[in-house]
């Protein structure tokens with residue numbers, strides 16, 4: 001398909017997004033409702049339309065070659081996926097089930113189930129394929145080094161003489177088979193002729209032969225007429241041919257991969273132009289930009305002095321510096337004046353105390369009715385909706401009505417690059433100039449004080465340099481038990497002990513199965529149908545794979561620390577674990593009771609094991625911590641035949657799960673750690689509170 005096709009698809013997708021974001025924003029401000037059916041209808045509608053938008057945006061991002069468009073599409077795609085995951089959790093809260101069905105929404109919007117199929121964005125794997133290969137090769141190299149993985153013997157290439165000899169052997173064998181078949185047919189024919197001479201054909205046999213001939217001739221005549229009629233209909237275009245010509249499909253696939261090559265080439269040119277334009281802006285426009293910024297600041301503080309009789313303080317660098325004054329969302333002059341004339345400490349304290357007392361009284365009054373009454377359903381605030389609206393506005397301003405007839409090859413726009421780099425250089429210069437202007441304001445204020453025969457006092461810098469509070473929401477770091485060891489040595493140790501395992505590459509769609517087409521109607525009848533294989537696959541993608549594809553999505557989407565897969569033996573639990581690892585390129589840590597038996601013995605050994613898993617899993621993210629038989633640590637009574645000491649991880653397992661947060665990310669990799677558990681259906685005899 002052409003560039004125009006994908007640009008049109010993006011345009012149509014943006015129209016869908018504008019519609020649903022408007023509905024979404026309205027739902028954020030509505031009052032809580034107790035009508036769960038109506039709420040489910042609205043949330044399901046958002047879910048379906050966001051999913052359609054994700055599938056379209058994924059296709060656009062995969063095939064559009066213009067680098068500046070791809071940057072914006074990626075932002076929109078990430079925010080849309082994040083909002084989709086938030087809507088998924090809202091739908092789960094409404095249905096009180098992980099499996100959701102919305103056939104009524106599909107009928108209203110005239111959509112097929114395949115139109116709302118949850119897919120894994122192509123860039124999740126394509127943009128990190130080198131990282132995937134490196135990690136897998138790393139595991140294989142360690143296993144080979146330790147002797148756990150036998151190297152595949154590469155057979156030497158066949159010589160020309162051996163190849164000729166092999167062809168001759170097979171050709172002589174083929175001729176021998178043909179000769180034997182020919183001789184067999186001659187022998188059978190002779191036997192048949194000999195039998196025909198001995199017996200006379202009776203009248204019944206002759207009549208039967210005539211009947212068979214008549215029926216056969218009628219059949220082949222009808223078949224000829226049918227074929228001729230079908231051919232005529234095909235020629236006239238009234239019926240498609242029974243055989244599909246795959247040449248067009250193969251050509252489309254080839255063009256798709258060629259577009260990937262063009263993307264890489266255009267991206268390289270775009271990055272080179274970024275560096276080149278920044279150097280040009282620094283070389284030729286630094287002086288003009290500096291003078292303009294200084295003039296703006298001087299005009300501002302002289303106007304301030306005329307109004308108040310003294311010089312103002314520039315906002316601190318952490319607050320945004322002078323850019324805060326001149327930006328749209330910056331503080332106005334009147335605000336600065338009111339801030340400078342702050343009330344006395346006694347008045348402020350009195351107001352604060354009164355405010356605190358009043359707020360406490362209000363809270364106590366409000367808490368009682370809230371606790372007693374269920375206010376109903378209301379959508380939770382979104383971490384993605386505001387950014388999605390900003391991206392939609394950027395599309396409307398830049399790309400919606402742009403005439404691209406002068407850029408048929410869809411290369412980058414140099415004017416946009418120059419404008420972006422000018423803004424970037426201006427921001428860098430503004431930090432330097434702000435510091436100079438702070439010194440200038442300090443000197444001017446000191447001179448003003450001297451003129452007024454006051455004691456020279458240095459301007460207070462409390463407003464200039466924003467004091468950073470000592471308290472920070474820092475995550476409590478655990479003590480590093482292996483500070484002097486490299487990642488390779490820790491990794492090698494875990495591989496040698498079988499904690500890190502090599503897994504078979506299994507795509508998620510190898511877990512075959514369709515979504516349930518009857519579940520929606522059954523739920524309308526008050527029944528609770530079992531999910532189908534396709535439903536299970538979709539939930540795995542929504543909870544495990546989609547959140548891990550982007551650091552921004554994972555940090556802001558609802559956190560899923562762990563997932564429990566339960567079912568009988570052979571139902572595909574381990575296959576799903578391998579599929580998740582394959583799709584996100586994860587390292588697999590196996591903490592199953594039978595796998596760690598006899599390894600890292602005693603309490604110090606267990607502490608070291610948990611430390612190694614925590615440390616290495618965060619350094620080699622994304623990582624999956626897997627436990628087969630997750631019910632065993634919580635058994636009330638361990639069977640005497642079980643020698644794996646399953647209760648060994650009973651206390652440490654909850655701590656391990658609670659330690660997983662949205663911030664469990666490493667620079668450059670930017671993915672998190674998740675836990676997957678599998679257990680059998682026969683999990684009775686378990687302590688429920690502990691589980």
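Even glycines carry a Cβ here, placed using N, Cα and C.
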Region 'Disordered' according to TrEMBL, located in which of 296-335, 336-375, 376-415, 496-535: 336-375
Per TrEMBL, the range holding region 'Disordered', considering 218-255, 256-293, 446-483, 560-597: 446-483
Across the domain 'ATPase AAA-type core' (563-663), average pLDDT on the 0 to 100 scale: 84
Number of helical, extended and coil residues in the domain 'ATPase AAA-type core' (563-663), per DSSP: 48 helix, 15 strand, 38 coil
